[in-house]
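Everything on this sheet refers to the single structure shown next.
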Amino acid sequence: MLENIRDAVRKFLTGSTPYEKAVDEFVKELQKSLISSDVNVKLVFSLTAKIKERLNKEKPPSVLERKEWFISIVYDELSKLFGGDKEPNVNPTKLPFIIMLVGVQGSGKTTTSGKLAYFYKRRGYKVGLVAADVYRPAAYDQLLQLGNQIGVPVYGEPNNQNAIEIAKKGVDTFVKNKMDIIIVDTAGRHGYGEETKLLEEMKEIYEALKPDDVILVIDASIGQKAYDLASRFHQASPIGSIIITKMDGTAKGGGALSAVAATGATIKFIGTGEKIDELEIFNAKRYVSRILGMGDIESILEKVKGLEEYEKIQKKMEDVMEGKGKLTLRDVYAQIMALRKMGPLSKVLQHIPGLGVMLPTPSEDQLKLGEEKIRRWLAALNSMTYKELENPSIIDKSRMRRIAEGSGLEVEDVRELLEWYNNMNKLLKMVKRRRGSIDKLFGGKIG
C-alpha cells in the first residue's frame, strides 16, 4: 500500500500528463491502494468524494501550484481518515499510574507490555510489570524475559490461576515500592469473534484494580475487522485507548487504523517492528506523510504551514488597524518566518495581496524586501530579549550596541530595523484614521 501511493505521488508531481487526467489517474490509484490495504470500501469512496468536492469548491492558494495544492488536499483528507489532529496524551496524569492491557489471543499484548515499559523507562519513570495472564503458560516467562532485558521488575505467581488476585497483589507490591508506572498484562484467552467474553473479563479486572488507563491491543493484520472490536471496547471503556501492533508485517495496517479511527477511539501507539524500541506514539499526519512519501511532500506541507501562519499574523494586522491591540517585533519575526516557509521571498511577495501594507519599508519598494536585509533583521531579532521583542520602545543606544554585537551586525542595521518597525506602525495608524474618515462620510462602517 505505502509504496504504491508513494509512487503515485511522485508520478503525479513530476509527470507531464495534463492536470485533469493526472488527477483522475491518481484518485483511481489511491482507491485501489487503500482497498487493497483492507480499508472499508465506503470509507475509501467517501474519502475520494471529499477530495473531489474540495477540488471543485476551493481555490488554490497563490503560493502553491495546482498539483501541489491537490496533494495537500489528499494529505489533509487522508489524515482525517486515520484520526485527524487528535494527539494522544501518553504522559501519566498522576503517580503511581496504573495501566491495564487487554487483548485477544495472538494480538501481541505481552510483547507490547514490555515495549510500553521500555518506552516509559526511557522517559525517566520507574516502571513495574505485572504478569496477570494466567491462561497462556508461557506468558509469565515471556514477560519475565522482557523485564530482564530492559531492567524492569516483573511481579507474577506462576502457580496461581486467579488473575484478579495476582493483579491486585502486583499493583500493591509496586505501589509500596514507589513505582511511577505499573503495567498489568491481563489474560488473552479469547479469540477474535469472542469480544463479549473479553470485555466482560476486562470489566471484572477493571473493577478490582481501578486502573488509570485501559489499553486494548489489536493486531493490524485483522484489517477492517478491527472496527467491531474497537467500537465495543470504546463504548465499554470511554477512558481507554488502543495500540495497533504488527504494522510492519501486514498489508492491512491501513484498514485497521482507519477502522479504529472511525469508531472515535484514540489510537495511542502503533507497533512498527519486533524490537523492544519499535513502539511509536501514533500521529495521523506523520503516518500519512510516510504513506505519501515525506521527501516528495515536505516542501508542499512547509508552504501550507507557512501560509497558515502568515494568515494568522495578517488577521492580527487587521485587528491592529481596527485599533485592537498592538503589533510587536515578535509578530514581525513570526511574519517573516512564515513567509520564508512559503518559498523564495522574491517569488512569494508577488503573490500575497496587500503585502505593501503588511511589510512596508521606507527605503525600498514595499513588495521587494531583499533576502540579505531579511537575513540581517532575523539575526537582530534573534539577539533581542523577550521584553525587547514585546516592547521595542525600550531599545536605547546601549541595547542597540548589545543586539548588534550579539548578532554580528552593525548598530546601523539594528537602527534600520527599528525605523522600519516604527514606520510600519505609523502606516497602520494612517490606515486606521482613513478608515474612520470613510466611515463618517458614509454614516457608518463599510464592509
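Don't overthink the numbers, they just go from 1 along the chain as shown.
Quick reminder: no glycine exception, Cβ is built from N, Cα and C everywhere.
Keep in mind that what you see is a predicted model, and the values were worked out from it rather than measured.
Feature annotations, reproduced from Swiss-Prot:
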| type | residues | note |
| --- | --- | --- |
| BINDING | 103-110, 185-189, 245-248 | GTP binding site |
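Annotation note: T186 (GTP binding site) sits in a strand segment as assigned by DSSP.
Note on the binding-site residues G103, G106: the fewest other CB atoms within 10 A surround the CB of G106.
In the structure as shown, the Cβ atom of M247 (GTP binding site) sits within 10 Å of 22 other Cβ atoms. Ranked by Cβ neighbours within 10 A across all protein chains shown, the binding-site residues K109, T186 are led by T186.
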